[in-house]
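*Asks:* I'd like to ask you about the structure that follows.
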Amino acid sequence: MARKKIALIGAGNIGGTLAHLSLIKQLGDVVLFDIAPGMPQGKALDLLQSCPIEGVDFKVRGTNDYKDLEHSDVVIVTAGVPRKPGMSRDDLLGINIKVMQAVGEGIKHNCPDAFVICITNPLDIMVNMLQKFSGVPDNKIVGMAGVLDSARFRTFLADELNVSVQQVQAYVMGGHGDTMVPLTKMSNVAGVSLEQLVKEGKISQERLDSIVARTRNGGGEIVALLKTGSAYYAPAAAGIQMAESYLRDKKMILPCAAKIKAGMYGVDEDLFVGVPTEISANGVRPIHVEISEKEKEQLQVSINAVKELNKAAAEILAN
């Protein structure tokens, strides 16, 4: 049985962490691509030398040539300019569209059948651009957003309630930005709804609202603390969870930026936006779940924000 091949486009902090986690999870051989000469090669050599210590036996290669992506089973894209203090995800739009064009063409010519996960921000627009330039079908391309946002929501809830984070089920829908929608109605702690926990006085509505707000600003909080970069451990872990579900046909239902068809969740056009999504060996399948009227209204605001950015991206491409 042939070993799987994971291509990581972008050898920065997220790319390097993705490579390390791929080896630890024993997902397959790794190709680390970057346009910076020496960077992917150096990180690949360092990672390769960790394999005897980690007890794994996989190949790790660094490259500046898109041809080395040939026959990749999974491609995870992190290439692009990261957020800096005071910069929104949307400020990155013009710069990273050009990056997605180069990456998309690299995928199209070398591994068009790969399962593609986009992590580059602004996420919902970049995954749309990546599909445009790569030609990858709807079921084989997805954006990493909701897994990370939901993990942040779960972390903050567990910390506030002083419970194991493994007992907290919490979900976030919508765009990967300030308009994301943490689903308080669907979220629970060991089966007990957040609404019930508020009634029992375990958490106040004010504290819950502040956690929702903190979740929306989760990435910005880390950017402000780091000052010279953005999050990478949790984003990489989220990307690997998605890749593993595909490679091992785990059929996990994860909140991801999948392409939903017009009519689903009230959208009037096909659109990449964060929704519950099954990831299996067949690719991605968006799933409809019932949400409250308030959450529907919030989701529509988020959808509109994504649509506006898509329009802005289209204008940039037209000029």
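Glycine residues also receive a Cβ, built from the backbone N, Cα and C atoms like all the rest.
Take a look at what Swiss-Prot says about it:
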ACT_SITE  HIS176  active site, proton acceptor
BINDING   GLY10, ALA11, GLY12, ASN13, ILE14, GLY15, ASP34, ASN96, ILE119, THR120, ASN121  NAD(+) binding site
BINDING   ARG83, ARG89, ASN121, ARG152  substrate binding site
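Help me picture these features in the structure, burial and contacts included.
*Replies:* Around the Cβ of HIS176 (active site, proton acceptor), 28 further Cβ atoms fall within 10 Å across all displayed protein chains. In three-state terms derived from DSSP, HIS176 (active site, proton acceptor) belongs to neither a helical nor a strand segment and is classed as coil.
All protein chains included, GLY10 (NAD(+) binding site) registers 26 other Cβ atoms within 10 Å of its own Cβ.
The secondary structure of ARG152 (substrate binding site), as reduced to three states from DSSP, is helical. Sequence-distant neighbours of ARG152 (substrate binding site) (same chain, 6+ apart, CB under 8 A from its CB) are ARG214, THR215, GLY218, ALA234.
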*Asks:* Compared by Cα position, which of the binding-site residues GLY10, GLY12, ILE119 is the closest one to HIS176 (active site, proton acceptor)?
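*Replies:* So, of the listed binding-site residues, the one sitting closest to HIS176 (active site, proton acceptor) is ILE119.
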*Asks:* Measure from the Cβ of ILE119 (NAD(+) binding site) and count the other Cβ atoms within 10 Å, all protein chains considered.
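*Replies:* The answer is 29.
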